[in-house]
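One structure is given here, and the rest of the page talks about it.
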Ligand code: ADP
Ligand code: MG
């Protein structure tokens, strides 16, 4: 689960990290009051969307010469003028795709006098099986370019899970970021704070880009992107409350209500599969035969007819879906339950695209009989290969 920058900063502030003062607003009327709560004379008006690259982003409605999604203002009036221009408009950044995201919320923040912009993130490094800091002196808006062109400027510091951030780790991070004087002592206390926040709240990513050294020599968290491990949310009611469903894919929200593991993708073939491994294999074989999957969907081991019906409806509601492949290996899952779910769903929502069903395993004969007797236009397949070929051919 992702949250907004202003929420991430609240969370980090709770652990003692240095963040700027700021006020989140959702209407132009609130802009002046928000700015007046800040010390000034420099303000920053920041679009709150679940995507990065806002500074270099462009508003669709405003044309190519207008300013981006993060704007400096030298007075309260200027901050209000920016808020007026930004709220309600669609911001397109490297991460939003061409459709962009509507900016429904702004964060008006105290402007900082920046000396240097650094990069810092915490992530789960699978290669070493540890949480690791990734840092670079080349922070700011183009870390992707740094990673591509000068990867030696990015330093990785894995953290021992038992010891946590040791003094040696913190020193290594300070050295990598070339921190001196007060910034160095700020760093020595900040790194353990960030690690604690990451672990305590079950984050899967914490990215601060930029972490800045200010002209007064102190460190400040200037941007913050945080993702949480969805499987651990049950023990963090405070984090769950930060969820903003308007930023999420509507189909994924619907799927989560039915406890379906669903991820929306860009292709044309909708997939309904049981088991994550089989779902991955199904996506691979669709690609092998030249098409792209429209989604990943694992209906799970103990799916009911109701769950299968919900899954089918979510797939057919996607306008990109030009064909559907149901691929079930009935182990715990019974094929007749799947067949009933498919039939119920098709009767409910209709079937406007080709449907190929491959069933194998427990109660397969019963399942096939249900599909046969339904009178629906369903193509049966014998195995995974046959199924993929048939759906790719049907979509054309
Ligand atoms: P994004 O990464 O989505 O572009 P950031 O929050 O990193 O958004 O902001 C982009 C740039 O705007 C920063 O790299 C920094 O130069 C500037 N900026 C952001 N917040 C402030 C602030 N409070 N004071 C001064 N400059 C800021
Ligand atoms: Mg940033």
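Cβ atoms here come from the backbone N, Cα and C positions, even for glycine.
A TrEMBL annotation is a machine prediction, not a hand-curated record.
Keep in mind that this is a model prediction, so the values were computed, not measured.
Binding of substrate is attributed by TrEMBL to 331, 332, 333, and within the candidate set 231, 274, 295 the record adds 274 to that site. Same-chain neighbours of the substrate site beyond 274, 331, 332, 333, judged by a C-beta within 8 angstroms of the site's C-beta center, are, in sequence order, 275, 301, 302, 303, 328, 329, 330, 334, 361, 362. Spacing of residue 46 (ATP binding site) relative to residue 209 (Mg(2+) binding site) is 14 Å (Cα to Cα, whole number). Of all the binding-site residues listed here (209, 274, 331, 332, 333), 209 has the Cα closest to the Cα of residue 54 (ATP binding site). Put simply, the two farthest-apart Cα atoms among 46, 53, 54, 55, 109, 112, 117, the recorded binders of ATP, are 19 Å from each other. Taking a C-beta cut-off of under 8 Å and a sequence gap of six or more, residue 112 (ATP binding site) has these contacts in its own chain: 20, 42, 212, 214, 220, 222. Comment: substrate site residues 274, 331, 332, 333; largest CA to CA distance 10 Å, whole number. Residue 209 (Mg(2+) binding site) has 117 nearby among the binding-site residues 55, 109, 117, counting only those with a Cα within 10 angstroms of its own Cα.
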